[in-house]
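Look at TrEMBL and you will find 1-22 tagged as region 'Disordered'. Per TrEMBL, domain 'Zinc finger DksA/TraR C4-type' is recorded for 108-139. Residues annotated as zinc finger in TrEMBL: 112-136.
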Amino acid sequence: MDSRQAQGKADENQAPQLEKVRYSDEELQEFKAIILKKLEKARDDYEHLRAAITHSTSNDVEDTSPTFHVMEEGASALSKEESGQLAQRQYKFIQSLEAALVRIENKTYGVCRVTGKLIPKERLMLVPHATLSVEAKNRR
């Protein structure tokens with residue numbers, strides 16, 4: 001046996017140092033609980049925003065001066081527009097959280113879609129819908 005064959009035998013006998021490729025089922029359940037809690041709050045906030053848009057009430061400016069009435073309508077339109085934008089952002093957040101739940105079910109949650117490495121647990125605790133590691137996000 002030459003030295004290359006001996007080296008090959010030595011390599012086979014050593015336990016390979018495998019990098020963790022996914023979170024354990026127990027860890028995934030922890031993340032799921034966090035996401036479900038955030039999802040409940042996000043849906044509640046979204047419904048409040050939608051209600052504010054669809055049920056905005058008049059401040060009874062019918063008997064005031066026409067100038068004030070126009071200003072009030074302008075402020076109301078702006079408020080509705082801002083509420084609409086907030087509702088749209090909230091809806092996207094809800095979709096991101098729901099997608100994270102699907103990744104948990106598929107056991108692919110927490111894997112960076114650029115590097116293929118695990119996203120650190122600390123990051124996922126803060127941003128549970130993250131699909132990129134900080135390293136990958138900073139590359140963009």
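Each residue, glycine too, has its Cβ placed from N, Cα and C.
All annotation found in TrEMBL is predicted automatically rather than curated by experts.
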Over the domain 'Zinc finger DksA/TraR C4-type' (108-139), what is the model's mean pLDDT?
95
I'd like the per-state residue tally for the domain 'Zinc finger DksA/TraR C4-type' (108-139) from DSSP, helix first, then strand, then coil.
12 helix, 2 strand, 18 coil
